[in-house]
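Now, the feature entries from Swiss-Prot:
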- 2-22: transmembrane segment (TRANSMEM)
- 40-60: transmembrane segment (TRANSMEM)
- 67-87: transmembrane segment (TRANSMEM)
- 107-129: transmembrane segment (TRANSMEM)
- 133-155: transmembrane segment (TRANSMEM)
- 168-188: transmembrane segment (TRANSMEM)
Amino acid sequence: MTPGAIAILSLSMSTDAFAAAVSRGASHRPGVVSAVKAGFVFGVIEAITPLIGWSLGLVAADLVKEVDHWIAFGLLTIVGGKMIWEATRSQDHHEEGAAPKRSNRWALIATAVGTSIDAAAVGVGLAFIGANIWVIAASIGFTTFVCTTVGMLIGKTVGQRFGKMAELIGGLALVGLGAMILIQHTGVLKTQLG
């Protein structure tokens with residue numbers, strides 16, 4: 001993957017955590033130290049989950065070489081579509097999945113794990129295209145750390161509206177990234193231009 005694609009993927013994967021952090025920041029009104037701690041928890045978990053998915057994907061990669069780009073496209077489209085759907089749902093439905101209002105460690109960890117499940121699915125897809133998972137996982141983790149920290153601080157002042165917009169943009173970016181992988185691996189663009 002190109003550095004630009006890695007940056008887009010990292011930002012896209014961090015938007016769930018950002019949205020949860022804005023929600024949590026709006027309800028908990030954290031200080032800078034609390035926001036940094038939460039960012040660290042989210043970043044570490046978000047970096048680990050694509051590694052888990054990638055490991056599982058490697059096991060299956062040889063079995064599905066002929067359709068790997070379709071699998072990557074499908075997984076990214078499903079994850080992106082889910083993010084778009086959640087971002088456009090009504091506020092009443094969105095509240096059901098919002099970050100827990102309690103500020104204990106376990107609620108924070110549960111929220112971080114919940115927002116990182118999508119990264120595991122993306123990790124599976126990355127195994128099929130032979131991407132450098134270590135660079136990507138580090139980039140996703142760092143980006144999530146920054147976005148979560150900033151999101152919690154923004155949540156103190158702006159509230160939940162900004163978080164839903166970020167989730168929508170992230171979902172659209174993932175669908176676009178999936179389409180780009182499909183186009184590159186099927187040669188459609190080369191055929192059209194050649």
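Each Cβ is built from the backbone N, Cα and C atoms, and glycine gets one as well.
With Cβ pairs under 8 Å as the measure, the transmembrane segment (168-188) is packed most heavily against 67-87, out of 2-22, 40-60, 67-87, 107-129, 133-155. Sequence-distant contacts of the transmembrane segment (2-22) (same chain, at least 6 residues past either end, Cβ-Cβ under 8 Å): 35, 38-39, 42, 46, 50, 80, 83, 87, 98-99, 111-112, 114-116, 118-119, 122, 135-136, 139-140, 142-144, 146-152, 154-155, 158-160, 162-164, 166-167, 169-171, 173-174, 176-177, 180. Sequence-distant contacts of the transmembrane segment (40-60), counting only residues of its own chain at least 6 positions beyond either end whose CB sits under 8 Å from a CB of the stretch, comprise 13-14, 17, 20-21, 108-109, 111-113, 115-117, 119-128, 133, 136-138, 140-146, 148.
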